[in-house]
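Reviewing the structure listed below.
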């Protein structure tokens with residue numbers, strides 16, 4: 001059944017500490033649905049149904065809907081608001097998304113729509129990358145700062161290993177900002193709705209483990225040159241045989257003091273080729 005008012009709002013404020021706030025603004029819901037482009041041919045997964053404000057229209061329109069929500073009270077309250085006729089193709093899953101990921105979705109290809117609890121943003125992106133062959137697109141609301149980091153370009157203060165990790169596998173496109181006033185309780189952070197579409201293939205064919213060890217090393221010391229980070233960061237320490245010394249690489253002979261935040265993915269692919277010539281075939285642009 002539903003939760004009574006006082007308990008319900010006590011529960012809401014407790015959820016705020018979990019990074020969970022509830023979208024109240026119908027116009028924002030409509031924009032999310034428009035961008036998600038759900039038809040009666042679309043199989044959908046929603047992560048975190050909250051009060052069901054997105055779940056209700058999704059259940060009405062989608063071919064099938066899997067809802068993963070870790071709070072049984074919210075799941076029950078959301079289901080309560082959905083007409084029985086719209087529940088035929090709805091599968092509620094009471095589980096923590098970070099444990100089940102996209103496993104509960106029975107179909108081959110699907111669309112993800114979510115107002116994501118902010119503390120699961122990173123595991124969400126990792127799970128999308130893992131299941132990228134199955135996901136057509138995602139339209140999700142995230143903390144604005146996290147969305148900015150995903151889409152950032154070199155020399156922007158938000159640019160970091162998350163930007164490269166996301167863009168290596170995914171097309172990330174900011175859609176629109178959402179004001180704090182659209183939520184209850186009002187969060188302290190700004191939000192943004194973004195579109196994520198898996199690339200047909202990763203940007204480069206290369207040894208991904210070595211490439212991302214290099215990328216993580218590059219951002220390990222924010223004020224340090226890339227050459228220094230490669231030597232000092234822990235991520236390349238146990239690589240056998242050891243990578244070439246930066247001083248032996250043409251890239252660093254040209255730009256000895258360059259910092260990681262100045263390098264595009266293409267630059268990283270070149271540095272990767274020079275450092276790991278002994279380990280791996282050259283990176284190939286897909």
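Glycine too: its Cβ is placed from the backbone N, Cα and C atoms.
Features reported for this protein in TrEMBL:
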type    : residues            : note
BINDING : 23, 48, 69, 96, 115 : S-adenosyl-L-methionine binding site
DOMAIN  : 28-200              : domain 'Ribosomal RNA adenine methylase transferase N-terminal'
By the DSSP assignment reduced to helix, strand and coil, which category contains residue 96 (S-adenosyl-L-methionine binding site)?
coil
Number of other Cβ atoms within 10 Å of the Cβ of residue 23 (S-adenosyl-L-methionine binding site) across all protein chains:
19
Mean per-residue pLDDT computed across the domain 'Ribosomal RNA adenine methylase transferase N-terminal' (28-200):
96
Counting Cβ atoms within 10 Å of each candidate's own Cβ, which of the binding-site residues 69, 96 comes out highest?
69
Neighbour-count leader, CB within 10 A, binding-site residues: 48, 115:
115
